[in-house]
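Trainee: Sharing a structure with you now.
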């Protein structure tokens, strides 16, 4: 059985037409605003409905629409003082007018509430990624998924595609599987964050618009001239802004499609010479980075501009074709004025860009970003014994690691886990709750400085292991 207001072939838009009879005052166009100011407290006050409209019988005349409280032709309810003041300007010409509210007037929530069966919770929000709306529909709404998607497209002209997440994330690249519910099939899109432009294939790479605030919080800690190591870089939400503010960035991701878009985004944002991209397992990436012979193996991103705005045969919309600018989890364009955007762009252009070719990562880097909450803690073990004190110069790096925390866990539990993987204690960790991702689950970030004790602990462990083995061998020889 179809839900009210919809049918197997789509939405019955005529079911949403509402006609409201209203009393109106007919006056000449040039005097309409003067009279309206006198009667303002009595006029129609509805969202997105004008209280001054053109007279359909005479374009030179206007109708002042009264509120529902003024329902009689004698304008009962309007003070005598106001009526006399109006008569001094224009003669009273009271008429009837019908306000028509059709499908286009009603917001998404109202339409869906009318369409969906009683008891169904109306989807109240969705994530927007460029021209794509990302839904997470519960099972009881899946029967109506196509209708829901159609309404969202109708009501958001900047959107072109609506998708729904299917199942849980099981692939090695942590990319959700999506079903396209309505609109264009292409998931290649473009978004803007903090003055940077990002292109991506939403069906092939990971992106979360709700993390915009966290991206800003972290890269605000980077200073011009610093060297950043991003172990799980994705398409560059940390790497690109860091390079824009004068950092050199070593960026790695296991997903080859993410790395391709990372390189493309480096070129789009003119920071290619400041970023070196790798497509490796994160542990292998870190070990290569601190080996002098291997530290230059990655590709400088500026050499990878993809011809004709295409990637793997998929056409990528240009910034002019798709210029949706996002706020965190929002589907609204940026409210910044052109002058503000130009000023911000000029400020970015003034920053002296670091050339990655001038950096020796085996000697120093300042920050390590580990943004893979599902398993980043496990990768902390690569830092155990990683750095060579004979070659390292300057201060030890700060590690920014993301993870999940269950409701029955504490910050101390997370730090203890981290210490287990690191192989040593963490002094003064800075723990920060990023956001709640589920009723009993939160995303957490902690920052700590790697100590030389941790850097050397693996070497000392190996040293003592060899001593013990040598002792056992000698002991066995003595007893022969």
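Using the three backbone atoms N, Cα and C, a Cβ is placed for every residue, glycine included.
If you look up Swiss-Prot, you'll see 215, 253, 254, 281, 282, 371 marked as S-adenosyl-L-methionine binding site, on the strength of sequence analysis. Residues or ranges marked as compositional bias 'Polar residues' in Swiss-Prot: 312-328. Under the heading compositional bias 'Basic and acidic residues', Swiss-Prot lists 334-346. Annotation comment: Swiss-Prot describes 312-346 as region 'Disordered'.
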Trainee: Whose Cβ, among the binding-site residues 253, 281, has more other Cβ atoms within 10 Å than any of the rest?
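Mentor: Answer returned by the neighbour count: 253.
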Trainee: Per DSSP, to which secondary structure element type does residue 282 (S-adenosyl-L-methionine binding site) belong, with helix, strand and coil as the options?
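Mentor: In the DSSP reduction, residue 282 (S-adenosyl-L-methionine binding site) maps to helix.
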Trainee: Would you say which of the binding-site residues 254, 282 has the most Cβ atoms within 10 Å of its own Cβ?
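Mentor: The largest 10 Å Cβ neighbour count belongs to 282.
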Trainee: Please report the number of other Cβ atoms within 10 Å of the Cβ of residue 215 (S-adenosyl-L-methionine binding site).
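Mentor: If we count other Cβ atoms within 10 Å of residue 215 (S-adenosyl-L-methionine binding site), we arrive at 20.
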Trainee: Who sits close to residue 371 (S-adenosyl-L-methionine binding site): which same-chain residues at least 6 apart have their Cβ under 8 Å from its Cβ?
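Mentor: In sequence order, the residues whose Cβ lies under 8 Å from that of residue 371 (S-adenosyl-L-methionine binding site) (at least 6 apart) are 230, 232, 234, 238, 400, 402.
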